[in-house]
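Participant: If you scroll down you'll find the structure; I have some questions about it.
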């Protein structure tokens with residue numbers, strides 16, 4: 001009886017639970033992902049071939065892609081911390097979302113017009129390498145990844161804020177985000193696979209920028225309009241109430257905060273939060289990291305694999321490689337369609353299979369099989385090479401094309417899980433221990449960007465060792481996917497419903513000894 005009365009005394013100040021916003025607001029904020037993913041789909045499908053058209057060798061492409069992981073290590077945790085603690089009439093998350101969208105638009109223009117800018121400042125048209133165009137591209141690409149990281153973390157954190165700490169709403173919000181990522185991928189890959197898009201914007205084809213380059217510019221111009229439109233609609237329709245510090249889903253003692261804001265303190269906050277993370281969160285980070293080691297080679301080199309290994313083409317050798325790249329973009333489009341459908345049913349399928357961890361483990365084995373099958377499809381393509389009367393290599397036969405496209409389509413199943421479950425788990429765990437949602441998304445982002453950095457650094461030695469092919473990286477990814485599946489099934493704990501009265505974290509997270517000692521339960 002005594003313990004019950006003590007519990008009532010603790011609960012009384014927290015009985016007033018905020019009224020949750022309607023679900024359509026979650027959908028509006030999640031729709032921003034469509035604009036982000038439209039541009040990201042273009043990066044994945046067209047930029048590696050575009051790099052080689054500018055004269056950057058294949059073995060250096062992975063180094064260029066290092067900018068995303070490096071900026072993600074710094075920008076997203078920093079922005080997450082700052083957005084958790086920002087006090088403005090415009091809200092905590094919305095200023096960063098608005099600024100990130102604007103910066104993305106500027107960066108995209110730099111990338112799309114890199115060849116023209118380089119030529120304007122002295123790049124000759126008759127040389128294989130365009131040094132000034134390459135510099136412009138790299139600056140714009142790094143700028144774009146900084147802006148993307150500035151945008152996506154607060155956007156996911158905003159969804160968690162609108163969920164009010166309820167696990168079911170958190171899962172719904174992240175599933176909606178994954179759904180709109182799929183919509184953006186479908187639109188982006190559809191635009192990228194249409195080889196005559198430049199005819200809609202005839203000014204994009206210039207002396208320094210041929211058809212493929214003009215198509216890329218046209219796609220990026222569409223992505224800017226889409227992103228700015230969706231961001232404006234979402235930020236106009238969904239207001240953000242600035243809560244008093246005592247009502248935030250943040251606990252300064254748990255995060256090691258000194259009570260001050262601004263400056264460089266977010267790095268201290270990050271290290272303090274990492275030091276006191278429960279075991280379940282560390283397991284989540286480990287499974288996510290291994291999963292991304294599996295994914296990153298295929299996302300980076302998937303279209304290049306279609307152009308080289310499947311179609312047998314060579315960069316700048318004319319039509320065959322370009323046909324393969326466009327076929328690869330169409331494969332990504334099919335993957336996005338499957339991703340879109342699967343994201344709508346992630347929660348239902350997870351319940352049917354017995355939980356999120358079991359679903360994640362199973363789809364990782366599906367990914368491992370798909371990556372391993374790239375070797376089989378490549379061998380099929382090699383054995384069925386055909387030549388015309390002049391000795392010119394012809395595109396692969398229908399069986400090879402269908403096999404490669406089917407492989408791409410099936411990858412949409414594990415991708416839907418990867419885009420939703422890790423982020424939802426991170427939000428639920430953060431609600432359980434009272435950590436800020438912006439910082440939680442920064443922490444889970446570390447599990448994405450660190451393996452990306454490792455893959456990017458190891459990409460060049462892999463190229464040198466295996467003669468510039470993509471298959472060794474895909475096989476390594478298959479092994480990583482299988483390991484990730486085993487870890488998810490055996491070690492990953494199932495997420496629990498966050499506490500509805502926020503002081504009672506020990507009952508939700510009994511392993512959080514630091515929290516217990518600080519609050520003397």
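The backbone N, Cα and C atoms fix where each Cβ goes, glycine too.
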Participant: When you get a sec, could you say which of 258-280, 281-303 is annotated transmembrane segment by TrEMBL?
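Facilitator: Checked against TrEMBL: transmembrane segment maps to 281-303.
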Participant: Among 380-404, 405-429, indicate the range for which TrEMBL gives the feature transmembrane segment.
Facilitator: 405-429
Participant: Check each of the ranges 358-377, 438-457, 498-517 against TrEMBL and return the one annotated as transmembrane segment.
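Facilitator: Going through 358-377, 438-457, 498-517 one by one, TrEMBL flags 358-377 as transmembrane segment.
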Participant: Quick test of the contact rule: Cβ under 8 Å, at least six residues beyond the ends. What residues does that give for the transmembrane segment (405-429)?
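Facilitator: Long-range Cβ neighbours of the transmembrane segment (405-429): 156, 160, 163, 167, 170-171, 173-175, 177-178, 181-182, 278, 280-281, 284, 287-288, 291-292, 295, 298, 302, 327-328, 330-332, 334-343, 346, 350, 356, 359-360, 363-364, 366-367, 370, 373-374, 377, 435, 437, 440-441, 443-444, 447, 481, 495-496, 498, 509.
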Participant: Taking the transmembrane segment (281-303) as reference, which of 95-115, 324-346, 471-492 has the most Cβ pairs under 8 angstroms?
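Facilitator: Highest pair count goes to 471-492.
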Participant: Would you kindly check 95-115, 177-198, 219-238 and say which stretch has the most C-beta pairs under 8 angstroms to the transmembrane segment (324-346)?
Facilitator: 177-198
Participant: If contact means at least 3 Cβ pairs within less than 8 Å, sequence distance 6 or more, would you call the transmembrane segment (177-198) and the transmembrane segment (95-115) in contact?
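Facilitator: No; fewer than 3 Cβ pairs under 8 Å.
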